[in-house]
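Enquirer: Copying in the features that Swiss-Prot gives for the protein in this structure:
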| type | residues | note |
| --- | --- | --- |
| BINDING | R21, E85, K124, K456 | (6S)-5-formyl-5,6,7,8-tetrahydrofolate binding site |
| DOMAIN | 220-379 | domain 'TrmE-type G' |
| BINDING | N230, S249, I251, T254 | K(+) binding site |
| BINDING | 230-235, 249-255, 274-277 | GTP binding site |
| BINDING | S234, T255 | Mg(2+) binding site |
Amino acid sequence: MNDTIAAVSTSSGAGAIGIIRMSGPEALTISSSFLFSKNKFLSPSEILPRTAIQCVFQIGDRKIDQILFFYFKSPNSYTGEDLCEFHFHGNPILLREALDAIFRAGARPAKQGEFSRRAFLNEKLDLTEVEAIGRLISARSRFELELAQKNVFGEVTRFTSNLRSQLISLKAECEAEIDFSTEDLTYESLEERKTRIENVKSLCQTLISKSSSAEKLIQQFRIVLYGEPNTGKSSLMNVLLGKERSIISEIPGTTRDYISEEIFLEGIPVRLVDTAGVRETTDHIEKLGIERSEKEFQSADVRLFLVDVSKKENWKEFINKSRERLEGSILIANKIDILNSSWDRNLFSDVKDLIVLEISCKTKEGISNLLDAIKERTGKLGHSEDYVLLEERQRYHFETIVRCLDKTLHLLKEGAPAEIYIQEINYALAEIGEVNGKVDTEEVLGRIFSKFCVGK
């Protein structure tokens with residue numbers, strides 16, 4: 001890291017501002033050769049750290065742009081090195097010209113993620129925080145963004161620090177027992193030691209479970225609207241989307257294939273699927289649509305089974321015919337605004353794991369209850385503070401820690417001496433080092449930073 005790197009750190013294309021970032025031992029010297037103010041180029045000694053300098057970026061005698069310049073002196077910068085930022089007007093041609101001049105002056109083009117790599121190597125960030133920055137940049141929903149923010153501010157770092165502290169304490173107790181076995185000292189009982197290990201293992205398992213739930217939410221739940229023609233599936237689709245997406249018609253069979261759209265529930269992306277109405281038909285195209293409806297319904301995370309409550313008469317026959325599909329679904333009794341006679345929702349009391357709701361797509365009655373039921377049915381929609389997000393690499397290491405602790409417990413129960421099972425504790429500690437990058441992780445670093453943009 002003895003050289004100086006530079007890159008555009010804002011997104012490509014025109015914009016109000018375009019930023020060039022430069023980091024390394026020659027960053028300030030190179031920068032000063034372009035900063036023109038009060039009829040002269042600024043010397044490095046005139047440039048104060050953490051101060052906004054309004055000046056002209058000038059190449060020789062050619063003025064390029066009015067800019068703001070910032071200098072962050074090592075080690076108090078993002079990378080831990082001398083770091084400079086040029087804030088231009090965001091024209092890509094202008095930025096390219098300025099960057100080429102910076103390269104000619106002695107900087108080299110930064111590689112993907114090289115600024116963050118230097119921050120990691122200079123211990124400004126640990127590996128989990130670096131990965132969180134990548135997730136922060138690419139987050140597709142508010143939920144994912146909030147989870148990434150938690151990790152940027154050290155959620156996983158604090159967890160691994162606590163985990164490491166507990167395992168080191170456990171290891172110290174075991175080593176004392178080994179080294180001073182002939183001394184008249186009192187140590188914790190085997191049961192107490194087992195309990196401590198179980199507690200640490202439980203912490204890891206809870207973390208993994210929370211991450212799995214979060215990942216499921218990020219990858220999108222599929223909510224499928226299913227039922228006979230003209231039960232209001234397309235109308236409900238439009239109501240939930242807040243726009244006219246599905247074609248609505250009184251003619252049965254209007255929807256021939258499924259239609260899907262993304263909606264957000266409490267900042268969490270959800271895929272909403274409107275399917276073709278299910279009925280007996282001789283139309284080949286409609287049959288194909290119905291087959292797809294069945295497949296979508298069976299693979300759904302949340303199944304909304306719609307019925308037109310104003311027309312349905314033989315409820316017992318309907319229940320007997322549809323029982324298998326009703327189990328685990330949300331039955332939506334639609335069109336209650338035109339219901340002429342009462343209906344008995346208790347008819348469904350013996351259908352396993354069924355929620356029954358009454359709504360009107362026309363008046364919007366019951367829609368808020370439906371949204372609540374969807375959240376209840378998933379059992380996972382909630383606030384980001386209830387979750388933590390692990391990258392796949394991190395999750396692998398935490399799962400390995402659990403296996404090490406399982407083996408430790410097994411050895412304890414078998415009566416193995418501390419000299420044997422302490423090795424498993426050492427393995428678990430090594431895995432913690434892999435999580436936050438406190439070991440030699442060159443290959444891992446290459447994979448992580450290859451996903452970053454050049455200016456990061």
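Please read every residue number as a count from 1 along the shown chain.
Backbone N, Cα and C define each Cβ position, glycine as well.
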Enquirer: Given the binding-site residues R21, K233, which one is most crowded in terms of C-beta atoms within 10 angstroms?
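Expert: Answer returned by the neighbour count: K233.
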Enquirer: For the binding-site residues K124, A276, which one has its C-beta crowded by the most other C-beta atoms within 10 angstroms?
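Expert: By the 10 Å Cβ neighbour count, A276 comes out on top.
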Enquirer: Given the binding-site residues R21, E85, K124, A276, find the one whose Cα is closest in space to the Cα of N230 (K(+) binding site).
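Expert: If we rank R21, E85, K124, A276 by Cα distance to N230 (K(+) binding site), first place goes to A276.
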Enquirer: Roughly how many Å separate the Cα of K124 ((6S)-5-formyl-5,6,7,8-tetrahydrofolate binding site) from that of K233 (GTP binding site), to the nearest whole number?
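Expert: Taking the Cα atoms only, K124 ((6S)-5-formyl-5,6,7,8-tetrahydrofolate binding site) lies 53 Å from K233 (GTP binding site).
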Enquirer: Give me the CA-CA distance between E85 ((6S)-5-formyl-5,6,7,8-tetrahydrofolate binding site) and A276 (GTP binding site), in Å, as a whole number.
Expert: 56
Enquirer: If I take the alpha carbons of K233 (GTP binding site) and R21 ((6S)-5-formyl-5,6,7,8-tetrahydrofolate binding site), what is the distance between them in whole Å?
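Expert: Each residue's Cα considered, K233 (GTP binding site) and R21 ((6S)-5-formyl-5,6,7,8-tetrahydrofolate binding site) end up 52 Å apart.
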Enquirer: Over the span of the domain 'TrmE-type G' (220-379), how high is the average pLDDT in this prediction?
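Expert: That stretch averages a pLDDT of 78.
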Enquirer: Including all protein chains shown, what's the count of other C-beta atoms within 10 A of the C-beta of S234 (Mg(2+) binding site)?
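Expert: Here the count is 23.
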Enquirer: From the Cα of A276 (GTP binding site) across to the Cα of S234 (Mg(2+) binding site), what is the distance in angstrom?
Expert: 9
Enquirer: From the Cα of R21 ((6S)-5-formyl-5,6,7,8-tetrahydrofolate binding site) across to the Cα of A276 (GTP binding site), what is the distance in angstrom?
Expert: 53
